[in-house]
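What Swiss-Prot records for 55-98 is domain 'SMB 1', and it gives sequence analysis as the kind of evidence. Positions annotated as disulfide bond by Swiss-Prot: CYS59-CYS76, CYS63-CYS94, CYS74-CYS87, CYS103-CYS120, CYS108-CYS138, CYS118-CYS131, CYS124-CYS130, CYS149-CYS195, CYS157-CYS351, CYS367-CYS469, CYS414-CYS831, CYS569-CYS677 (among others). What Swiss-Prot records for ASP172, THR210, ASP359, HIS360 is Zn(2+) 1 binding site, and it gives similarity to another entry as the kind of evidence. The site 'Essential for catalytic activity' feature in Swiss-Prot is assigned to LYS878.
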Amino acid sequence: MARRRSCQLHQVISLFTFAVGVNICLGVTANRIKRAEGWGEGPPTVLSDSPSINISGSCKGRCFELQEAGPPDCRCDNLCKSYSSCCLDFDELCLKTAGGWECTKDRCGEVRNEDHACHCSEDCLARGDCCTNYQVVCKGESHWVDDDCEEIKTPECPAGFVRPPLIIFSVDGFRASYMKKGSKVMPNIEKLRSCGTHSPYMRPVYPTKTFPNLYTLATGLYPESHGIVGNSMYDPVFDAHFNLRGREKFNHRWWGGQPLWITATKQGVIAGTFFWPVVIPHERRILTILQWLTLPDHERPSVYAFYSEQPDFSGHKYGPFGPEMTNPLRDIDKTVGQLMDGLKQLKLHRCVNVIFVGDHGMEDVTCDRTEFLSNYLTNVDDIILVPGTLGRIRPKFNNHAKYDPKVIIANLTCKKPDQHFKPYLKQHLPKRLHYANNRRIEDVHLLVERRWHVARKPLEVYKKPSGKCFFQGDHGFDNKVNSMQTVFVGYGPTFKYKTKVPPFENIELYNVMCDLLGLKPAPNNGTHGSLNHLLRTNTFRPTVPEEVTRPNYPGVMYLQSDFDLGCTCDDKAEPKNKLDELNKHLHIKESTEAETRKFRGSKNEIKENVNGNFEPRKERHLLYGRPAVLYRTRYDILYHTDFESGYSEIFLMPLWTSYTVSKQADVSDIPAHLTNCVRPDVRVSPSFSQSCLAYKNDKQMSYGFLFPPYLSSSPEAKYDAFLVTNMVPMYPAFKRIWNYFQRVLVKKYASERNGVNVISGPIFDYDYDGLHDTQDKIKQYVEGSSVPVPTHYYSILTSCLDFTQPADRCDGPLSVSAFVLPHRPDNDESCNSSEDESKWVEELLKMHTARVRDIEHLTSLDFFRKTSRSYPEILTLKTYLQTYESEI
């Protein structure tokens with residue numbers, strides 16, 4: 001995407017430490033940032049395993065200091081454990097647990113004991129180190145959770161707070177459906193949800209793994225953009241491996257984009273620690289955040305984060321449906337309660353904004369449901385597979401002469417009737433995944449069916465001495481799968497009160513967090529303003545992008561004899577002058593403005609035409625305004641009875657074609673004498689028209705129509721559908737998909753939704769970066785043809801959200817479904833494509849569902865420009881993904 005190029009800005013960090021298994025330690029402090037421009041193509045700079053540190057210093061008065069001490073001084077910040085640089089007394093002074101984490105009646109008014117983890121003495125409030133329930137137990141106050149919901153219309157902050165602080169409470173592996181357990185298991189989280197702003201779920205990025213998603217939350221970038229494409233990965237330029245246990249993950253060269261804490265620091269806002277090593281108890285993390293909130297104004301951070309390894313750890317071990325999951329969820333809720341009680345104790349509960357958010361969901365998975373590549377390939381020892389809930393394949397040895405990704409794909413495609421994975425070249429993956437444009441993403445990718453794993457061979461799964469499976473749950477699947485969805489709750493003075501919002505993608509949260517802090521976001525993949533409806537007041541107001549190229553409105557009629565395109569449309573059932581009448585009809589219909597126009601008559605004399613067609617009389621088919629072209633080019637607006645097009649003089653095909661299909665519309669067959677009909681369009685110069693001869697001479701390529709002749713409103717209007725300006729190149733295999741979509745599915749959706757508006761067109765993304773290819777870029781991939789072959793075709797179907805209202809008379813919210821269909825010479829993606837189209841085409845469309853924003857980036861077009869809805873509402877519509885999944 002256009003913003004995706006921000007991966008070349010790389011503000012990077014050395015932040016992650018992982019313990020064995022899934023116990024995660026992630027962290028950064030405000031001063032621990034290194035700058036790199038790009039991904040460090042030069043020699044690697046690996047962190048030393050044994051830095052020269054004098055650990056004999058002391059942490060007295062320094063526990064969890066925000067400033068990182070540099071060598072040779074020892075450290076007392078939250079990450080010193082990760083870097084083996086803590087002072088000798090760090091555990092003794094900073095990780096105290098004596099006395100427990102709560103006040104009891106017996107402890108109220110106790111004599112201060114400096115060995116205690118937190119205090120219940122009379123002076124603890126003044127010193128900012130009370131246990132979080134001190135006021136409740138010792139002073140008779142109520143727990144935050146027991147108070148009624150209150151609408152906080154303006155922040156109520158103590159003097160010195162220039163902005164409401166933001167606390168990000170992130171939980172690993174929190175499946176969205178866990179929220180159904182409600183207040184009996186999670187009363188504090190449920191109160192945040194019911195009193196604040198929440199969505200039914202939040203969609204993670206693909207792959208639905210921890211590292212990619214935590215860093216996406218921090219940067220607003222897709223993994224292909226920020227570079228963390230998995231929990232483990234190989235960079236062929238670095239010739240280095242990144243994984244959870246190795247030290248290479250500390251190297252800043254892997255981390256792209258600009259995370260929130262860098263955005264804050266660069267704009268003069270202090271950021272606290274973002275993630276915490278697993279050795280630091282949750283209670284200590286909360287108490288530390290609360291203590292930071294009491295720092296002097298010039299030291300106090302404005303943004304904080306808490307990170308919990310649960311419920312992911314238990315979800316892997318027991319599965320998402322195991323009864324053992326209840327206690328980990330109770331523990332998380334207890335920690336949330338400690339935070340909220342602590343904020344109330346500091347009189348900050350009406351001041352601070354809190355985001356409770358997950359990184360991904362969890363699915364029921366066991367070893368028994370594993371596909372082994374050894375059952376498909378004879379050479380599994382020659383490949384490296386990143387296994388599990390997705391598969392990434394590369395050769396075992398670099399520059400392996402016999403390794404061919406296409407051969408691997410062929411040997412894995414549709415080999416068994418019960419196959420539980422689907423192989424793709426990465427450029428053929430659904431565009432909605434945004435998982436291709438990075439050298440760390442292997443050429444061969446396996447999308448694995450939910451609840452299944454993939455491995456090279458059985459030994460690599462059952463390798464434990466017991467031979468038993470050691471997990472019951474996992475994640476990483478397609479990010480539209482309902483079990484992969486996670487939680488989002490926003491609570492505080494800036495969030496709306498008791499508000500439910502539609503689901504959204506986690507790439508959008510970075511912009512929201514910047515808005516909450518009054519920051520200007522760095523370039524990112526989110527759509528700034530699309531989540532304005534979450535907030536009580538909006539500091540950012542998005543504006544409609546400027547149109548770069550305005551269209552032409554053809555004013556010259558060419559003679560039929562001017563065309564020698566090899567196109568015929570013989571209709572022996574009609575009078576001889578039928579086509580001449582149809583051509584005149586093309587020129588004058590849908591006209592309004594009395595503009596003098598000139599056209600060439602049958603004898604080349606100049607004639608006057610006072611009925612110009614500069615604008616349509618009624619926006620019958622462009623219900624939401626004409627799409628804007630956001631790059632320099634040349635294109636014409638062509639009006640017809642049943643559709644309108646923006647015809648490219650560069651690509652010799654429409655950039656878009658729009659039409660509206662009513663619920664009552666009929667689907668008619670094409671008469672036999674018109675099955676091969678293609679008409680020249682006398683409004684467009686022959687030099688800007690396709691040649692039908694090219695298709696006759698190319699047996700591998702056919703053509704289709706963007707407006708379907710099947711939906712023509714009359715026999716006369718049907719001829720418009722056969723114009724060469726409605727024609728696009730299509731592989732014969734793809735025509736089966738396109739024709740079924742137009743003939744059957746469009747009518748089906750129109751019937752179900754009380755009419756739909758359809759906009760369809762070509763996509764050119766030869767370099768699979770998710771962006772519209774320029775003409776020069778296309779020439780690099782397409783030689784010897786004036787008509788480039790699209791890599792994909794898109795279609796956007798819009799109706800009224802309230803199906804009782806017709807699509808063309810909708811005065812309420814809109815509903816949209818969009819598709820980006822790969823244009824390929826075969827239908828191997830669907831293993832049953834030899835069957836009737838009714839058995840497989842719609843499922844293929846659902847796999848390639850997309851957001852309107854995806855299509856806008858792929859085409860450099862801007863849709864929905866003329867509507868009564870607010871622009872933020874339109875952005876919300878554009879960023880919505882129809883997943884076709886069952887309710888969570």
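Any Cβ shown, glycine's included, is placed from N, Cα and C.
Structure with Swiss-Prot features highlighted.
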{"residue": "CYS63", "record": "disulfide bond", "Cβ contacts under 8 Å, 6 or more apart": "CYS76, PHE90, LEU93, CYS94, THR288"}
{"residue": "CYS108", "record": "disulfide bond", "Cβ contacts under 8 Å, 6 or more apart": "CYS120, VAL137, CYS138"}
{"residue": "CYS569", "record": "disulfide bond", "Cβ contacts under 8 Å, 6 or more apart": "LEU579, LEU674, CYS677, VAL678, ARG679, TYR719, PHE722"}
{"residue": "CYS831", "record": "disulfide bond", "Cβ contacts under 8 Å, 6 or more apart": "THR413, CYS414, PRO417, GLN419"}
{"residue": "LYS878", "record": "site 'Essential for catalytic activity'", "Cβ contacts under 8 Å, 6 or more apart": "THR527, SER530, VAL816, ARG851, VAL852, ARG853, GLU856, PHE863, PHE864"}
Average pLDDT across the domain 'SMB 1' (55-98), rounded to a whole number: 89
When distances run from the Cα of CYS118 (disulfide bond) to each of the recorded positions CYS124, CYS130, CYS157, ASP172, HIS360, the nearest one: CYS130
Other residues, Cβ within 8 Å of ASP172, THR210, ASP359, HIS360 Cβ centroid (Zn(2+) 1 site): GLY173, PHE174, PRO204, THR208, LYS209, ASN213, LEU214, ASP312, GLY358, HIS475, THR486
Largest tally of Cβ atoms lying within 10 Å of a Cβ, found at which of the disulfide-bonded residues CYS130, CYS149: CYS130
Cα separation, CYS351 (disulfide bond) to CYS195 (disulfide bond) (Å, whole number): 15
Site with most surrounding Cβ atoms, counting all protein chains shown within 10 Å, from the binding-site residues ASP172, ASP359: ASP359
Candidate binding-site residues ASP172, ASP359, HIS360, pick with smallest Cα gap to CYS130 (disulfide bond): ASP172
C-alpha spacing of CYS59 (disulfide bond) relative to CYS87 (disulfide bond), in angstrom: 6
Cβ atoms near CYS367 (disulfide bond) (within 10 Å, other residues, all chains): 17
When distances run from the Cα of CYS351 (disulfide bond) to each of the binding-site residues ASP172, THR210, HIS360, the nearest one: ASP172
Largest tally of Cβ atoms lying within 10 Å of a Cβ, found at which of the disulfide-bonded residues CYS94, CYS677: CYS94
Among CYS103, CYS124, CYS351, CYS469, the most crowded of the disulfide-bonded residues [Cβ within 10 Å]: CYS103
DSSP residue counts for the domain 'SMB 1' (55-98), split into helix, strand and coil: 5 helix, 4 strand, 35 coil
Cα-Cα distance linking CYS469 (disulfide bond) and CYS149 (disulfide bond), given in Å to the nearest integer: 45
CYS124 (disulfide bond) to ASP359 (Zn(2+) 1 binding site) - Cα separation in whole Å: 36
Pairwise Cα distance for CYS469 (disulfide bond)/THR210 (Zn(2+) 1 binding site) [Å, integer]: 22
Among CYS87, CYS138, the one of these disulfide-bonded residues whose Cβ has the fewest neighbouring Cβ atoms within 10 Å: CYS138
Local backbone state of LYS878 (site 'Essential for catalytic activity'), from DSSP in three classes: helix
